[in-house]
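Chemist: One structure follows; several queries about it will come next.
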Amino acid sequence: MSRDRREGLEIKVVDPPTSNVSAAQTSAGARGGRQRASFAEFRPFKLWFPWLVPAIVVSNIVLFAVSMFINDCPKNSQKCSARFLGRFAFQPMKENPLLGPSSTTLEKMGALEVTMVVDKHQVWRLFTCIWLHAGVFHVLANMLSLIFIGIRLEQEFGFVRIGLLYMISGFGGSLLSSLFNREGISVGASGALFGLLGAMLSELLTNWTIYANKFAALLTLIFIIAINLAVGILPHVDNFAHLGGFTSGFLLGFVFLIRPQYGYFNQRNNPRGYAAPSAKSKHKPYQYVLWITSLLLLIAGYTVGLIVLLRGTDLNKHCSWCHYLSCMPTSLWNCKSQNMYCKSSQIGKQMNLTCIANGRTEMYTLGNENQSQIQQMCSQLCS
């Protein structure tokens, strides 16, 4: 407290009546309550209830269980991991170290295989592959990442924007993967997840003025993205799907996740009769420029990519260094893919298989095996 003391001036303080004091306090309390209520009610960006991301998580887990049911390892393979699970037993660790179904089962369910897209025009595989996973470790890692990233985005921007962003980014990841990885199959939601990461980065940049700790948020996000992309140089990881999904999501963030200015909300919530000093536009000019540019780049990129893919062009042949983006060879691993082809010879019910890639040979006793089961035997022999 401070006390004001001036010469020649006498100040007398008289206690007001109790009733007036209580009335004044009540009035002031009511005004304060109304002000607090008005501030509490004012929320320029409302929060959405997140239901789509949890639904996507459940769908991916259910589809993985369905793929294991269809795989039926004890019936189709001689050796299985966790055979006590019965029909849901995993393929041998040498064939699938992620604890999951065979590549043949994933192919039947819609895995991305470039020859099927190009030769049989099964473009739908570019979408279906993002709902399939190669194993338990694969689906758990992707779904935990989706919960961590996706729920916050859905709360802030709603299920429509995040749903479109997820699907289009997943398609973009599949498209780039098809253009550079023409061997084997590809499954997983990694491209869509990287799309969400890319959208978070572009959302931070385009809504830069409304963030408090701008540079801390930017550095943290860039660090997370760099670590995840670095993991993609490991063998058997489809980094082109990561890069395609990230690029698509980064551009889509400028389209879907643009925020209006705070000044635009302030003038909308002014009291009646209050004249704003200057009317604020809903968006800044640079936001409009980024929106138009990103949309045009997306349309052009997807159109050209689909044309090149359906013409059967292998871009790896025209880019000598591009394979390093997908796998960086070191002394610990080899990036050369093994073609799982076998020579077979049969005498009665005895079939001899020889893997062309590693030269291993094994004799099998045949029952009622079909061509798909024989291909699985070959995959196990070559793994």
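Every residue gets a Cβ built from N, Cα and C, even glycine.
Sharing the features that TrEMBL gives for it:
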TRANSMEM  48-70  transmembrane segment
DOMAIN    121-257  domain 'Peptidase S54 rhomboid'
TRANSMEM  130-151  transmembrane segment
TRANSMEM  158-179  transmembrane segment
TRANSMEM  185-208  transmembrane segment
TRANSMEM  215-234  transmembrane segment
TRANSMEM  240-258  transmembrane segment
TRANSMEM  288-310  transmembrane segment
Chemist: With Cβ distances under 8 Å as the criterion, find the stretch in 185-208, 215-234, 288-310 that has the most pairs with the transmembrane segment (130-151).
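Modeler: By the under-8 Å Cβ criterion, the transmembrane segment (130-151) pairs most with 185-208.
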Chemist: Sort out the residues at least 6 away from either end of the transmembrane segment (158-179), same chain, that have Cβ-Cβ distances under 8 Å to it, and list them.
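Modeler: Distant Cβ neighbours of the transmembrane segment (158-179) are 48, 50-53, 56, 112, 114, 117, 125-127, 129-130, 150, 186, 189-192, 194-196, 198-199, 238, 240-249, 252-253, 256-257, 298, 301-302, 305-306, 308-309, 313, 315.
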Chemist: Any idea what the model's mean pLDDT is for the domain 'Peptidase S54 rhomboid' (121-257)?
Modeler: 87
